[in-house]
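Pulled from Swiss-Prot, these are the features on record:
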ACT_SITE  Asp134  active site, proton acceptor
BINDING   Ile16, Gly17, Glu18, Gly19, Gly20, Met21, Ala22, Lys23, Val24, Lys39  ATP binding site
DOMAIN    10-271  domain 'Protein kinase'
DOMAIN    344-410  domain 'PASTA 1'
DOMAIN    411-477  domain 'PASTA 2'
DOMAIN    478-545  domain 'PASTA 3'
Amino acid sequence: MIGRMLGNRYEILEKIGEGGMAKVYKAKCHLLNRIVAIKILRPEFAADENFVKKFKRESQAAASLSHPNIVGIYDVGQEGDIYYIVMEYVKGRTLKELIRENGGPLEVKRAVEIASQVCRALDHAHKNKIIHRDIKPQNILVTDEDVVKVTDFGIARAANGATITYTGDVIGTAYYFSPEQAKGSIVDERTDIYSLGIVLFEMLTGKVPFEGDSPISVALKHIQEDILPPSRLNEKVPEELDKIVLKATQKDPNLRYQTASEFLKDLDTFLKNPKDLKFEEKDFEKTKVMPSREAEELKRAALKREREKKRKEIRKKVGIVLLVLLLLASLSYGTVYVLNNFFKVNDVVVPNVVGLSLSQASKVLSEHNLKMEISEERYSDKPENTILEQDPPQGALVKPGTTVYVVISKGRQMVIVPNVIGRDYLEAKNVLENAGLKVNIIENYNEQYQKGYVFDQNPRYGVQVEYGTTIDVYVSKGPKPSIVPNVVNMNLDEAKASLESAGLTLGKVIYKEADNVPENTVLEQSVPPDTEVQKGSPIDLIVSKLPQNSLQQQTKNVIINLPNKDGPMKVEVYVIQDGQKNLVYSGEHTSSDSPLTVPVTAHKGKAVIEVDIDGQVYSRVEARF
């Protein structure tokens, strides 16, 4: 796998880890020139069509999550029989490694801070209707800067959904199971709260609350046994923190924190002032031991394969007996008739339930002595819980009690629009498409964002929209350029004003003798009219002056002592004569150019010479020409 290129984009560099369902590699994205992590499904899962469908759907949903405490999912892809997720590459280690390296409990404050960051991640995910189902230290990364990032949202959800629907087994780590997970029941967001409570217990004590010889024995303890307060194992744990852990790990989900934000609020309060925490007695009712019937169900699940094996042996023996009976029955037509009527069971015609609601379909099938089981939930434009498909189909002949498997609608898939403002447009497009959204790129000028970066989006981020909605993404073309105006034949003052109104500056002014043209008239400009240039660009001008042999004009050299300033300064020289003020020189200089000599031409007689520096009057002197 090392050196392989996936999707003509991701080059596999090295293996950095592996788990029960996938292997993780460090890779380079050649499109965006960045390092990423790629999780590749193990072949045994990639070969399971139902698992792959669930995996794709849930990974794409998880890709819509955008939060600093969640490992970002950039891409979900397939190449042949390889299914992979492209994720944010996190420099750091897992929380499990951190606990092992510490050789015992973490410092109390640090443990609570880590749990708080995980809570923030769960709160964001739960608000987006995504449950993790496999919160454990191995799925919590801690960066070198102590930023916590939760990973494996997509793969955990896909595994859980697939196994509940298709096998009845429970995938996950038994040490962190909630009681409802251990029983294989339907779970909600509170299962993550329980698991995080177990993780917090481990951070505070250096060990998990329950251990056993097998996953089943550990799962039974989660169902039946009380969790000790962490302070029993670590005297540094305050009583208030004991109560937080015990509330999060109540057997009854209704007695736990009901949301991650509730859990987070108590953790933050503990960090600020533990005495402000308020708990009610009902929060800590004695753990109710689950009925032995439910415990037995869990035990029986472990013996399921053994029973299946025995059933096969019984079926084999029954088959032999039936074969003997049929051979005997063939002795006469009358015997066959008797046996047929004795063993005959009337077949049932499967009714149509497609288009019905779940409750309606259940009633119809029950009336026909048939059972119903949900095989898949799928997003569609049909109302929630509407039957989309059935198997066996309408009209099929089946035995009474046969199970009809149905696919039901989850309604229209809704997604939260992620924030892509400030991202490179290729990255923004990838994030939105991974969230199941379409992208419409609109390019426009923008003064604040550099070319190629997103400066706006519509709908805005955080809005809930239907899966497949098109998002308008506004990409910057950079600052809007200025159009160079035509200033030829204008006098110099008019030309300067025209350039400034267009967002441009007057550059160098070069004087050229010209006959039959008024003095200070623009003869040429350095950039042609209607040309697009960057805002603030200087435009040089060639301006007319009277010929040297003119008896009406005289030229004198004006010596200017420039001020001592850092950087360049703009020097402009004006001649004020006969009630008119004319610009006769403009240029940029530094203090090192001092003294500056400027030739000034004026009509015979008195004139005032004004020197402006950076737009401010610097000096005025009267001269005679």
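For all residues, glycine too, the Cβ spot is worked out from N, Cα and C.
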Secondary structure content, the domain 'PASTA 1' (344-410) (per DSSP, counts of residues): 10 helix, 26 strand, 31 coil
Asp134 (active site, proton acceptor) to Val24 (ATP binding site) - Cα separation in whole Å: 17
Fewest-neighbour residue among binding-site residues, criterion Cβ within 10 Å, set Ala22, Val24: Val24
Cβ atoms near Glu18 (ATP binding site) (within 10 Å, other residues, all chains): 13
Around the Cβ of Asp134 (active site, proton acceptor), the count of other Cβ atoms that are within 10 Å: 24
For Ile16 (ATP binding site), nearby residues of its own chain (Cβ under 8 Å, 6 or more apart in sequence): Val24, Tyr25, Lys26, Ala37
DSSP state at Val24 (ATP binding site), helix/strand/coil: strand
